[in-house]
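Right, one structure below, let's go through it.
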Amino acid sequence: MSMLNETHDPALRSWVDSAQREGTDFPIQNLPFASFRRRGRGEGWRGGVAIGDAIVDLAALHRVHPFEGQAAEALAVAAEPQLNALMALGPAHWSALRLALSRALRTGSPLRALVEPCLLPQSEAEYGLPARIGDYTDFYTSIHHATNIGRLFRPDQPLLPNYKWVPIGYHGRSSSVGVSPQRFHRPCGQIKTPDAAAPVLAPSRRLDIELELGVFIGPGNALGEPIPVAEAESHVFGLVLLNDWSARDIQAWEYQPLGPFLAKNFATTVSPWVVTLEALAPYRVPFERPADDPPPLPYLDDAARRDRAAFDIQLTIGWQTAQMHAHGQPEHVVAQTNYRYAYWAVAQMVAHHTVNGCNLQPGDLLGTGTLSGPEPHQAAAFIELTAGGKQPLTLPSGEQRTFLEDGDTVVLRGWCQAPGWARIGFGECRGTVLPARAPAV
Ligand SMILES: O=C(O)/C=C/C(=O)CC(=O)CC(=O)O
Ligand SMILES: [Ca+2]
Ligand SMILES: [Mg+2]
């Protein structure tokens, strides 16, 4: 599954011209999946695959029956409004559909006449959640984030003693996961400032982001049957960008002893395009640990895949205020990081989540946790970037920010790029903060 094959060949060209455009996120080597429809036409949702600036409408493609065997079986369910049934099929079907699509979209393909009428411009599309998300779990896999934020919340003991042994996570909430571009109201909650005797119910004043990747689960496991780490990646359909918006003032007061609750479940934004693990194969990198750290327990240690368990995915955070938007100024990149710095890999999250027999289901979403890197400019949340809100960032408009103001937009981007390989992009994950509604009394 992680092997390279003809679909990764950097020399492949598509008859869709925009797939060759310099810097496109969606060359023929990517082929990510989304749930989409055209805006304002009363159409139903269905699966789509990105190619350049276009979408292959998988429901329209299914109607012309261009493929056979496993590719045809996968296409039939990829045409559904959400991708749960495709996710449930597993790697052999995903791979067959990817290969069939790759061949159909190549320059000179005899299927061009059949496929071309199924293309729609992305500019006319709106996106739905890729899957019905039964459960959403958020991990904490960046040791740099854990140390930085731990220092702010617990100066005496930033990194808790379990960190290097347990892939820490908490159960999030799926009902408020939305797709980019998401707009949500600033949350209200209990806030207690250090000098106040009692908390008040008020709109958050320390509204933050968390740049993460989201992992969409493919085939699940039966209740009571753990997924071995060596098989874990065959239960992963693909990755998206994820913004785990976080109200730090609510969090600081509520989080002990059971962890985040209302500080993080008012909105979580994912990008629409799910990039498959197969598309990411050229960007696998060794999973690295400092030599004197404890080796993972055997159920978390897949020695045979250590040389390729991590992914080289470049990630950025862009900030655009309402004023910048009004003046046509694009978002300003305030941080850049990479998924390769994570302390726990995708396979370890899956193995750990199921080690007690907990059952994952197709379409479940795992967050990697905030993906801060080792350098200060690689911090993946504003609380880290601004030294706990003490050192404001200055944006090109001259405005200063520590946490989010009403009308601010945050744009996460991700992509893989290396000499000799096609760029594999994630598109964008965009969200905008609306003013708080009056707090309940
Ligand atoms: O260290 C803490 O107490 C708080 C951590 C978080 O903010 C939790 C979280 O969402 C995990 C993450 O994104 O890495
Ligand atoms: Ca998080
Ligand atoms: Mg969240």
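Every residue, even glycine, has its Cβ placed from backbone N, Cα and C.
Annotations in TrEMBL come from automatic prediction, not curation.
The Ca(2+) site recorded in TrEMBL comprises Asp138, Glu210, Glu212 together with one of Asp156, Asp195, Asp244, namely Asp244. A Cβ distance below 6 Å to any atom of ligand 3 is met, among the binding-site residues Glu212, Gln251, Thr268, by Thr268.
Taking all protein chains in view, 22 other C-beta atoms sit within 10 angstroms of the C-beta of Gln251 (substrate binding site).
Listed binding-site residues near His145 (active site, proton acceptor): Thr370 (candidates Arg154, Glu212, Thr370; Cα-Cα distance within 10 Å).
With a cut-off of 6 Å between Cβ and the nearest atom of ligand 2, the binding-site residues Asp138, Tyr140, Tyr255, Thr268 reduce to Asp138. Non-local neighbourhood of Tyr140 (substrate binding site): Ala146, Pro167, Ile168, Gly169, Gly369, Thr370, each in the same chain, at least six residues away, with C-beta under 8 Å from its C-beta. A 10 Å radius around the C-alpha of Thr268 (Mg(2+) binding site) takes in these binding-site residues out of Arg154, Asp244, Gln251, Tyr255, in sequence order: Asp244. Taking a Cβ distance under 6 Å to any atom of ligand 1 as the criterion, the binding-site residues Asp138, Tyr140, Glu210, Thr268, Thr370 reduce to Asp138, Tyr140, Glu210, Thr370.
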